[in-house]
Amino acid sequence: MSEKYVVTWDMLQMQARKLAHRLLPADQWTGIIAVSRGGLVPAALLARELGIRHVDTVCISSYDHDNQREMKVLKRAEGDGEGFIVIDDLVDTGGTAKAIREMYPKAHFVTIFAKPAGRPLVDDYVVDIPQDTWIEQPWDMAVTFVPPIGGR
């Protein structure tokens, strides 16, 4: 990955609210399935905005920090996804998205961020990201003290 796109908490909340508006009316949804771990925070934000209390998870491991590796399903929500929003933070190459589509063919699959290779696999997303860009999510970063340049 040659570029980095840094996401702040404020940016993430704003993008999640945009996505929530597109998912109205809220009463059409039975619940939300968060793709762990990237979809956990966006799922919480959507659940709040849409007033949805039924939140489940599907746990798929496909990344090790910045390296993709073999996909492994650790836990899945029951059913075919009918009436559910499935959310992940991003769709990249589409590997996870393809697995989600197979597991939940009737779900409405959304992400906050989408790269070109994965865009056709989601029903909706908010932000276009170039394929060669790494997304730094706010939950992966920490605020640290930086000493003044002048030394005081």
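Each residue, glycine too, has its Cβ placed from N, Cα and C.
According to Swiss-Prot, the features are:
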type    : residues                                                                           : note
BINDING : Arg37, Gly38, Arg69, Asp88, Asp89, Leu90, Val91, Asp92, Thr93, Gly94, Gly95, Thr96 : 5-phospho-alpha-D-ribose 1-diphosphate binding site
BINDING : Arg69, Asp92, Thr93, Gly94, Gly95, Thr96, Trp134, Ile135                           : GMP binding site
BINDING : Asp89                                                                              : Mg(2+) binding site
BINDING : Asp92, Ile135                                                                      : guanine binding site
BINDING : Asp92, Ile135                                                                      : xanthine binding site
Integer Cα-Cα distance in angstrom, Thr93 (5-phospho-alpha-D-ribose 1-diphosphate binding site) to Trp134 (GMP binding site): 12
Mapped DSSP class for Thr96 (GMP binding site), helix or strand or coil: helix
Listed binding-site residues (Thr93, Thr96), ranked by Cβ neighbours within 10 Å, top entry: Thr96
Pairwise CA distance, Asp92 (GMP binding site) versus Arg37 (5-phospho-alpha-D-ribose 1-diphosphate binding site), rounded so that it is a whole Å: 15
